[in-house]
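Q: Next up is a structure, given as structure tokens.
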Amino acid sequence: MSLLVIGINHTSASVDLREKVAFSPEKLTKALDELKNSDAIQSGVILSTCNRTEIYCEVKHGISSGYVINWLAEFHHVALEILMPSIYIHEEQAAVKHLMRVSCGLDSLVLGEPQILGQVKKAFADAREHNAVEGTIEKLFQQDFSVAKRVRTETNIGGNAVSVAYAACTLARQIFESLSDSTVLLVGAGETIELVAKHLDDSGCKRLIVANRTRERAMGLAEQFNAEVISLPEIPEHLPKADIIISSTASPLPIIGKGMVESALKLRKHQPMLFVDIAVPRDIEGEVAELNDAYLYSVDDLQSIIDHNIEQRKIEAIQAEAIVSEESAEFMTWIRSRQAVNSIRQYRENSEAMRIELLQKSMQALASGQNPEKVLAELSNKLTNKLIHAPTLAMQQAAKNGETEKLTVIRTTIGLDN
């Protein structure tokens, strides 16, 4: 048996090719059934996300990566010559290390992103549900989850915001001690604002107001995060209630002006307000920054935070890579020890079968009245010849091929150099 990973990802393949070899839920069920019933694959897990498709498997003796690649191409009806240039292959410890790097976010488009671990866990759960995993692969994934947890615990690789949405929320958390006591006004209802809302919700934000041009789009967010919905013209009325304002619309002109904020601050008795403008062009007039107790950050300010945090993640990644190298080596040690146990068991079983076979023949000879001394002598000779046959052939072959090291190992193994 040997461990194998074959796959494509955002660095090796185009979006078009990644889409062609992605596994929908229906395709995944069929694929896992095929893996489970394959004569060549002992156990396997399929990881399929928007950025990667990878097959982690334990293949039987004599099976190469080409078998799995051919299967992938045939399954998705993609020509091999189109698929091959984008395929990467990892075997044995390299396969173990690759899985651990993936789960720790070290191989992600966004370094250190945590979502991939959940996707790996789901891929493993799907494979288990279809009885496609066992033995070494099952142990590998269980160990992988422990390694990912260790990396998150011992490093800060996921602790620095590297997306605009997350950076905006991080900034809010840094300025306001508790988001659970703050009111947040979100202006817009697009994908970025939806991500912001999710991060705020995860951070314990309880009071959320969503302002949008169309109420229908905002209602989806409101239902998801228990938010209040207002229209854009209603912003001046609700602005004094907001401690944090995060805006991202496609408006060609600013939505929130200096005068509007000035009025809100008076009604708030100049309690501080944080404005985070992540729209291009800007949603909030730059002059707002001139007001006391109004703190305005633009998308450029956030980008400088993100750039700094990316560098911090790269530093943390060095320690994470060291942990992965250590853990992958330890896992291979476990595999080798398991292989040794299996080899020892097989050797003992073969020897026992040989002993029983010769003993039965000797018992039959004794029962037929043959001389006991002669029977015992023949038994000992045959047993000796059978036991030394394989080592003798191996030493002869090693000597013939000039394999000095192999010859030394055999001599040590059979006790000649003890």
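Placement of Cβ uses the backbone N, Cα and C atoms for every residue, glycine included.
Below, the features straight out of Swiss-Prot:
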ACT_SITE  Cys50  active site, nucleophile
BINDING   Thr49, Cys50, Asn51, Arg52, Ser108, Glu113, Pro114, Gln115, Gln119  substrate binding site
BINDING   Gly188, Ala189, Gly190, Glu191, Thr192, Ile193  NADP(+) binding site
SITE      His98  site 'Important for activity'
Q: Which secondary structure state does DSSP assign to Ile193 (NADP(+) binding site), in the simple three-class scheme?
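A: Ile193 (NADP(+) binding site) sits in a helix per DSSP.
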Q: Which is it, of Pro114, Gly188: the one of these binding-site residues whose Cβ has the most other Cβ atoms within 10 Å?
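A: That would be Gly188, with the highest Cβ count within 10 Å.
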Q: Can you tell me how far the Cα of Pro114 (substrate binding site) sits from the Cα of Thr192 (NADP(+) binding site), in Å?
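A: That comes out at 18 Å between the alpha carbons.
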Q: Where the distance is taken from Cα to Cα, which of the binding-site residues Thr49, Ala189, Gly190, Glu191, Ile193 turns out closest to His98 (site 'Important for activity')?
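A: Nearest candidate: Thr49.
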Q: Could you state the CA-to-CA distance between Gly188 (NADP(+) binding site) and the residue listed as 'active site, nucleophile' to the nearest Å?
A: 26
Q: Quick one: which residues besides Gly188, Ala189, Gly190, Glu191, Thr192, Ile193 have a Cβ within 8 Å of the NADP(+) site's Cβ centroid, in sequence order?
A: Leu186, Glu194, Leu195, Val196, Ser248, Thr249
Q: Write down the Cα-Cα distance for Ile193 (NADP(+) binding site) and Thr49 (substrate binding site), rounded and given in Å.
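A: With the alpha carbons as reference points, the distance is 23 Å.
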Q: Write out, in the order they occur in the sequence, the residues of the chain not among Thr49, Cys50, Asn51, Arg52, Ser108, Glu113, Pro114, Gln115, Gln119 that have a C-beta within 8 Å of the mean position of the C-beta atoms of the recorded substrate site.
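A: Other same-chain residues with Cβ inside the cutoff are Leu109, Ile116.
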Q: Quick one: Cα separation, Ser108 (substrate binding site) versus the residue listed as 'active site, nucleophile', in Å?
A: 11
Q: Same-chain residues six or more away whose CB lies under 8 A from the CB of Gln119 (substrate binding site)?
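A: Non-local contacts for Gln119 (substrate binding site): Leu47, Thr49.
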Q: What does DSSP assign Thr49 (substrate binding site), in three states?
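A: Thr49 (substrate binding site) sits in coil per DSSP, no helix or strand.
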Q: Validating a neighbour-count step here. Other CB atoms within 10 A of the CB of the residue listed as 'active site, nucleophile': how many?
A: 12
